[in-house]
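Student: Pasting the relevant annotations from TrEMBL:
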type    : residues                               : note
DOMAIN  : 5-339                                  : domain 'Kinesin motor'
BINDING : G92, Q93, T94, G95, A96, G97, K98, T99 : ATP binding site
Amino acid sequence: MGARFVHTFVRVKPTADFAQEMIKFGPDNKSIDIYIKKDARKGVVNNRQTDWSFRLDGVLHNTSQELAYETVAKKLVSEALIGYNGTIMCYGQTGAGKTYTMTGATAEYKHRGIIPRAIQQVFKAAAHSVDPFLTVRISYLEIYNETLFDLLATVASNGTSDMQMAVVDCPQGVYVKGLSVHAVSHEEDALNLLFEGETNRVITEHTLNKNSSRSHCIFTIYIESRFRVFSDGKCVNSKINLIDLAGSERLSKTGSEGQVLKEATYINKSLSFLEQIIVALADPKRDHIPFRQSKLTHVLKDSLGGNCNTVLVANICGEAVHVEETLSSLRFATRMKWITTEPVINETYDREGTVKALEKEILLLKQELARHNSLINRSLVTYDPLTNVQIAEIKSQVHKYLTGDIDEIDIVNIRQVQEVFKQFKLVVSQQEHEVESKLRSKYALIDKNDFVTIAALQKVKATFISEGIGNSLSVRDLVGILPSKSQGTVSTKDLDVKEGARNQDTASIDTEPDLPTSVCVFLAFPCSSPPSKLVAFEQFKEEGGSEINRIFKENKSILLARKRRSSAVAQRVNFIKREIESIRKTLEAQKQERWQQGEYVDDKGQIIIDEEEFLLIMKLKDLKEEYRSGYAELQDLKAEIQYCQHLVDQCRNKLISEFEIWYSESFLIPKDMQEALKPGGNIRPGMIPINRVMCLEEDEQERFERMQETTLPACPASVSFYKAKMKMDQKHTYTRTMSSLQQMRKKPGIVTAAGKNKPLSFLHVV
C-alpha cells in the first residue's frame, strides 16, 4: 500500500453558546479558522497572534453518530477485514465528547458510537464471508495513573487475568502481557464485553464534566481470516485499536483537588509525552523516538508511524471560554497529520499444515512404491495423477460391478483405489438425490419451523374440512410424511416401506377425490377430531412453548440442586448436634467423677483439668461454631428453596395456561371466531369464555422484549445492541439488589425475609 499520512478530523461538540464570531468553518468542511479580538487593556503595542487557520481531512459539526462513523471509521474497518491494522484515537479537552464519539450512549440505538458500529460492521462481514473464515477476539485495556488494568478481568477468561501486566516488544509488534483476550462469535457477545468493560472504567465528576473519564482506554478487535481453500494454510491477521484518551485539564478551570488532582496530573503528563512523540515522528531528522516514556506511548508504538492505518478525531468545544484548549487540540491534530505510516497486509502461513501435507504425500508415495514392488510381475505402475480416460474407465468398471456384469475391478495402484471409493461415493449420493426427488414429486416437503407456510396450510385445511373433503383422508396416508429439512435425505429403505403401505390401500385411495399435495402435508392427524392434549402438549413444548419449557426445566434443576444441598447440610448439622450431645455427656461424667474424687485447684483458686478434658472442651467449642455456620446455611437454603419452588410453580402454571390458549386457538375455536379474536375484531373482552390474556403479570424483561417487538421492525440490526444493553441493566440491578441485602444483614435487628433473599444470579424469572 505504501506510505500514508495520518487522517485527522475535528468534531465540534454541539452547544447553544457556540462562538460563531471566533470559529469559522471552510466551505469544503476541511478547514477551520480561529479569530480572537485583541485585548485593549494590553496597550497599543500588542504583537500577540489573533488568528489561526488549520487544514484537516474533515470537520464534523452538528453531525449524527452515523455520519461521523461513515466519515471516520468505515473505510478503516473495511481495510482491517482484508488484513490491515487500524487505529482510531479520540483526543481533546475534558468534556469535549471523546467518549460519546468512541462509545456513544447506550440509551438509544442511533446514538451508539464508533466501537459498537465497528463491531456490527465486522460481524456483518463475517456473516457474509464463507472463505475466508473470520475469527474475532476482544480485549479492553485501561491505563490509570500509569498503571495497566484489564477491564475484562471480571469475565471468565483463560487464566491470564492473574498475571502481572506489562508492555512487551516482540518482532510482530507491541503487546500487553497478561491482558485477557476473549473470543466472540456474535455481535451481542462483543457488545456484552464492551458494556462490561465500560462499567469497570474509572469515572469522576468535576466542574467541566459530570462523567469525566480518568483513564486512557483501548478497545481492541482482533480479526483472523483463514482461507480454507488454500493448501498452504494462508492466514491474515489484523487488529483495530479504538482509543478513548482521557481529556486534558486546566486545573484552574476544573478546580480539582485530592485524588482528582492526582489523576489530572497523570493524565496531563501522559498526554504531554504523547505530544512529544508526535513532534519527534513528524521530524525526519530524529533518529530516536522515546516511546518508552509512558505506558500510553509504549502501547501505541505500532499505531503511531508503524504498520497501521491511523485516524485521529480531535474533539473540541465551541464556547469562547474554551478557545485556548481548542487551539491546543487543533495544533495537536495538525502535527499528527504530518506523520506517515506504512500499513501492509499481515499474512502468515500455517507451517504445521504444510508439514502435514508433505508428510501425507510422502506416505502416499511410499505406499505406491510398496504396491509397485509387490506387483512387479504385472503391468507397470504410473506415479502420475490419473488422466480423464483412466477416470472414465474406473467409473465404467464401478457401474459394471454394481450391476453384476463383472466380479472384480482391476486395481494397479493406490490412486486407482482412491478413485474407486470416490466413484462409489458419487453413486450413493446420486441415489440419495433420486430418492429425495421421488419423495418431492409425491409430497410437498416443508420445514417444521416454517410457521408462515404452516399457517397458510392451516387455512387450506379448514377450507377442505368445511367442504367435507378432509374427512375422507386416511390416517395411514397422512402420518409421517412431513420430514423437516433438518432430517436430511430419506433412505431408500424407508421409502420402500411407505410405498408398500400405500400399495395395500390402493383401492381405497383411488376412490378418494384428488387433493393438493399441500393438504396432505398439513393433515398429519384425522380431520374429524383434534389431537389428544397429551400429543399436542409435546408438540407445544417443542414449538411455541419451547422457551417457557426450557426455563421451567432450568428452574426445576436448580430447585433439585438446592434440595440436595439442603439435605446434605441438614444431615451434617444433625450429625454435629449428636456429636455435641455426646461430648457434653462425656464432660458431665468427667466433671461428676472429678467432684467425687476431689478437685485440684492452683494458687489462684482455678480448677485444674486434665488434657483429655481440655481437648474435649476445645472440640465442643469448634463443633458449636460449625453447627451455627451450618444452621445459618441451612436457613438460607430453605429461603432459596422456597423462592425456587415459587418460580417452578409459576413457570408450570404459565406453561399450562399458554398451552391451553394455544390448543384452543389452534384446534377448538372456529375460523370465524379466530378472526373476531384478532386485535380490532368484533368481540370485546369478557364476551367469550376463552381469555386471551392468560399469563402472569409482566416483569421488566418481558416489557422490554414487548417494546422491542414493536420498535425493532424499523431497524432489525439493533437486536444485538438492545440484548446486550438488557443484560448489562440486569447485571446492574442484581448488583444493587445484592449490595442492599448485604447492608440489611449487617444492620443489627434487621432480618431478611425468606422470600426476599432471591437467588437472582441463577434463576430465570418468567
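Residue 1 is the first one shown; counting continues down the chain.
Backbone N, Cα and C define each Cβ position, glycine as well.
TrEMBL: automatically predicted annotations, no manual curation.
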Student: For G97 (ATP binding site), what residues in its own chain, 6 or more apart in sequence, show a Cβ-Cβ distance under 8 Å?
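Tutor: Correct list: R11, K13, N315.
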Student: In the structure shown, which of the binding-site residues G92, G95 has the fewest Cβ neighbours within 10 Å?
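Tutor: The binding-site residues G92, G95 were compared, and G95 has the fewest Cβ atoms within 10 Å.
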Student: As a test of the contact definition, list every same-chain residue at least 6 positions from K98 (ATP binding site) whose Cβ is closer than 8 Å to its Cβ.
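Tutor: Looking at Cβ-Cβ distances below 8 Å from K98 (ATP binding site), excluding near sequence neighbours, one finds C90, Y91, G92, S213, D244, L245, G247, V313, N315.
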Student: For the domain 'Kinesin motor' (5-339), would you mind checking the mean pLDDT of the predicted model?
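Tutor: The answer is 85, the mean pLDDT of the model over that range.
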Student: I'd like the Cβ neighbour count for Q93 (ATP binding site), meaning other Cβ atoms within 10 Å of its Cβ, all protein chains included.
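Tutor: By my count, 25.
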Student: List the residues of the same chain that sit at least 6 positions away from T99 (ATP binding site) in sequence and have their Cβ under 8 Å from its Cβ, in sequence order, or write 'none'.
Tutor: C90, G113, N211, S213, D244
Student: Please report the number of other Cβ atoms within 10 Å of the Cβ of T94 (ATP binding site).
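Tutor: Around T94 (ATP binding site), other Cβ atoms within 10 Å: 24.
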Student: Tell me the Cβ neighbour count for A96 (ATP binding site), meaning other Cβ atoms within 10 Å of its Cβ, over all protein chains shown.
Tutor: 27
